[in-house]
Amino acid sequence: MLKFTAISFVLLNAAESVDHQKPIRALDSQPLLKFTRTPNDSNVTFGEKFVLSCGANGAPLPSIYWELNGMRIQGEETSNVYENILNDGKQVSNAAMVSSHYRIPCATARNSGAYKCIIDNGLTKLEHVAKVFVGGNKTNCALNDNGAPFISMTVDFRLEISNNAVALSCRSETATEWSWHKGEQLLTNDGERYQMFPSGDLIIRNISWSDMGEYNCTARNHFGETTAITFLYPTLAK
């Protein structure tokens, strides 16, 4: 579960700049991009389930995507498009901590290779490569991985200026029904403050101090459900 240490982490680093990048006038601080977590080289046994994880801290909000041997396998280069439209012309923080997880449900020889995690805040990119080798006795993999949804991406922490709109995001690798809670409150599309998208995004308009806190995104299918947590921290304009 994300604790208040995450707030300190983002606030202390939000003023650091990305090398050789000019400030964005709309941002309330210098651009930032850094890894918070990188995947390790791994030896995996045939038939084993494994997960590679990667994390980023950044402003503007970073996206994370994965490549295997130079081919895109998961993720997107752009994120937060709707939030950017709603906040057009405003000063923004647009700072976040983001996590991404790439899952292999049953390892085979084709899963061996160089996995590259790429983080991108729209101004610069950073890359990290982890080499995975699949070996041992070969085994047959089931055709279907019937289970609760796997949440492959979360915005773990968001920092945004009060009165702006903010997007809290979760993603799943499979078709999923999404719901969002703040504490015990189930959030619904009310046409004014909250808007939820099939992709897993929750948009909150005109945020205020009362919106600060933990939000739970829940992915659900016929086999079960999985929940992830994000934290929203509204700030004052500088």
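Quick reminder: no glycine exception, Cβ is built from N, Cα and C everywhere.
In the three-state DSSP reading, Cys117 (disulfide bond) counts as strand. A simple way to gauge crowding: the CB of Cys117 (disulfide bond) has 26 other CB atoms within 10 angstroms, across all the protein chains here. Residues or ranges marked as disulfide bond by Swiss-Prot on the basis of sequence analysis: Cys54-Cys117 (among others).
Annotation for Cys217 (disulfide bond): spatial neighbours Ile151, Thr154, Leu168, Cys170, Trp178, Ser179, Trp180, Gly200, Leu202, Thr227, Ala228, Thr230, criterion Cβ-Cβ under 8 Å with sequence separation of six or more. Look at Swiss-Prot and you will find Cys170-Cys217 (among others) tagged as disulfide bond, backed by sequence analysis.
Per Swiss-Prot, the feature domain 'Ig-like C2-type 1' maps to 31-130.
What Swiss-Prot lists as domain 'Ig-like C2-type 2' is 149-230, and the listing cites sequence analysis. Per DSSP, the domain 'Ig-like C2-type 2' (149-230) is made up of 3 helix, 47 strand, 32 coil.
Under a cutoff of 8 A between CB atoms, and with a sequence separation of 6+ in the same chain, the neighbours of Asn40 (N-linked glycosylation site) are Ala130. The N-linked glycosylation site annotation in Swiss-Prot covers Asn40 (among others).
Under the three-state DSSP scheme, Asn43 (N-linked glycosylation site) falls in the strand class. The Cβ neighbour count for Asn43 (N-linked glycosylation site), using a 10 Å radius over every protein chain in view, is 12. Feature annotation from Swiss-Prot assigns N-linked glycosylation site to Asn43 (among others).
Look at Asn137 (N-linked glycosylation site): DSSP puts it in coil. For Asn137 (among others), the entry in Swiss-Prot reads N-linked glycosylation site.
In the shown protein chains, 13 other C-beta atoms lie within 10 A of the C-beta of Asn206 (N-linked glycosylation site). The N-linked glycosylation site annotation in Swiss-Prot covers Asn206 (among others), and the record cites sequence analysis as its basis.
Long-range Cβ proximity for Asn216 (N-linked glycosylation site), meaning a same-chain Cβ under 8 A and a gap of 6 or more residues, is found for Trp180, His181, Lys182, Thr227, Ala228, Ile229. As annotated by Swiss-Prot, N-linked glycosylation site applies to Asn216 (among others).
Per Swiss-Prot, signal peptide is recorded for 1-17, and the stated evidence type is sequence analysis.
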* Between the recorded positions Cys54, Cys117, Asn137, which lies closest to Asn43 (N-linked glycosylation site), Cα to Cα? -> Asn137
* To do: Tell me the Cβ neighbour count for Cys170 (disulfide bond), meaning other Cβ atoms within 10 Å of its Cβ, over all protein chains shown.
  => 27
* **Tally of DSSP helical, extended and coil residues in the domain 'Ig-like C2-type 1' (31-130)** => 9 helix, 56 strand, 35 coil
* Structure fact -> Asn206 (N-linked glycosylation site) to Cys54 (disulfide bond), Cα to Cα, whole Å, comes out at 31
